[in-house]
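Since the structure comes first, as structure tokens, the remarks are kept for the end.
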Amino acid sequence: MHELSIVMSIIDIAETHARNASSSAIEEVELDIGELSGVEMASFDFAWQQATKQTLLEGARRQVNRIPGKAVCLDCSASFPIRQLYDPCPVCGNHLLDIVSGKELRVRSLIVV
Amino acid sequence: MCATCGCGTADHDHHHSHDHFGEHSSGGVKIDVEQDILYQNNLLAQRNRGYFEAKNILAINLVSSPGSGKTTLLEKTLLDLKDSMKSCVIEGDQQTSHDADRIHATGTKVVQINTGKGCHLDAHMVLHAVQGMKPENESVLFIENVGNLVCPAMFDLGESERVVVMSVTEGEDKPVKYPDMFHSSTLCIINKTDLLPYVPFNLEKAKEYARQVNPKLEIIEVSCTTGEGLDKWYQWLESKTLAGSAIT
Ligand SMILES: Nc1nc2c(ncn2[C@@H]2O[C@H](COP(=O)(O)OP(=O)(O)OP(=O)(O)O)[C@@H](O)[C@H]2O)c(=O)[nH]1
Ligand SMILES: [Mg+2]
Ligand SMILES: [Zn+2]
Ligand SMILES: [Zn+2]
């Protein structure tokens, strides 16, 4: 359950930024979680419920942008969507790919009061 | 509070007073954060990496599912290369020091990290273990991660090489079931080849799956029990130590 570590890091980042802005509450947190990031959303939700208790993120709205996977073939330069790291290039069948999006794991923004 | 890494935040105080705002309260201020969630880990991993590079230490992060043979591979390696390689070991386990005891029995310096409920090592734990151990210059540091093919994939420890071990008693489709780990590793060791006659494991298929996930992955087949193939692993280790300086 690395999702718990992920949630703990989000709490850390959010609380640090909220404090630096002298806010006492977070209304909303916006996250980028790529579809290839290795985060299992069901575990993430469960960890979120548990770990945000008695933190500034308890009860905050959570806005999650799931960013779809995209890759570029290093052989033929085709650009295409991927769902799995082992998807081949649909043009030439090669597996040597550069993943250009879908790995994101980022706190985008907060709305604080 | 840890002076080196600024930790102490692990135990932060979560007892702020809580005003509960209505779901639709407005007038909030937006803060652009744009921060990587693994930023803190990656920062400490970079610090570890810098330390290893400065001291010419080859740091190897060994990952696998439980029981693939990481500790056995280490025991064999440490004994076989005793006279030619300076090494030390960090053992990560949720509980017990059994693996660390096995390593200790080979006469190698070892530090145990118990992660408790945690299912992976992180850069912070490794930083502290390394501080306690003080590995020599020009040495090899083996880090045995918690047996788990999922979580350790996300946490960079600052290692020079990530080595994933799988064994022929597991399905040959491990690489596509746990693509993140195989994607982020540089070497895959297929262990327990002595059992090939007794188990339905398609070696070629396993390698094909591994290369689909990571075409650059090197693959070495070994049996820690019979010793077959271990010479290739030792050659690989030697090739990775800068100009062979850690192995003489
Ligand atoms: N037949 C056979 N058994 C092996 C081989 N290598 C390891 N084993 C056995 O596999 C079992 C697990 O090996 P370990 O080295 O403890 O595995 P591990 O990956 O360190 O396990 P965890 O630390 O619990 O994740 C032990 O009973 C070993 O004796 C091998 O090459 N052949
Ligand atoms: Mg072990
Ligand atoms: Zn985990
Ligand atoms: Zn292509």
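Placement of Cβ uses the backbone N, Cα and C atoms for every residue, glycine included.
Because the structure is a prediction, the values reported are computed rather than measured.
Per TrEMBL, the features are:
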- A:His2: Ni(2+) binding site (BINDING)
- A:Cys73, A:Cys76, A:Cys89, A:Cys92: Zn(2+) binding site (BINDING)
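Neighbour count (other Cβ atoms within 10 Å of the Cβ, all protein chains): 12 for A:Cys92 (Zn(2+) binding site). A:Cys92 (Zn(2+) binding site) sits 35 Å from the residue listed as 'Ni(2+) binding site', taking the Cα positions as reference. A Cβ distance below 6 Å to any atom of ligand 3 is met, among the binding-site residues A:His2, A:Cys73, A:Cys76, A:Cys89, A:Cys92, by A:His2.
Same-chain residues that are not part of A:Cys73, A:Cys76, A:Cys89, A:Cys92 yet have a Cβ within 8 Å of the Cβ center of the Zn(2+) site turn out to be A:Leu74, A:Asp75, A:Ser77, A:Ala78, A:Pro90, A:Val91, A:Gly93, A:Asn94. Contact with chain B, taken as any Cβ pair under 8 Å, is found for the binding-site residues A:His2 out of A:His2, A:Cys73, A:Cys76, A:Cys89, A:Cys92. Candidate binding-site residues: A:Cys73, A:Cys76. Fewest other C-beta atoms within 10 angstroms, A:Cys76. A:His2 (Ni(2+) binding site): 24 other CB atoms within 10 A of its CB, across all protein chains. Reduced to three states, the DSSP call for the residue listed as 'Ni(2+) binding site' is helix. Among the binding-site residues A:His2, A:Cys73, A:Cys76, A:Cys89, A:Cys92, the residues whose Cβ lies under 6 Å from any atom of ligand 4 are, in sequence order, A:Cys73, A:Cys76, A:Cys89, A:Cys92.
When secondary structure is read from DSSP and collapsed to three states, A:Cys76 (Zn(2+) binding site) falls in the coil class.
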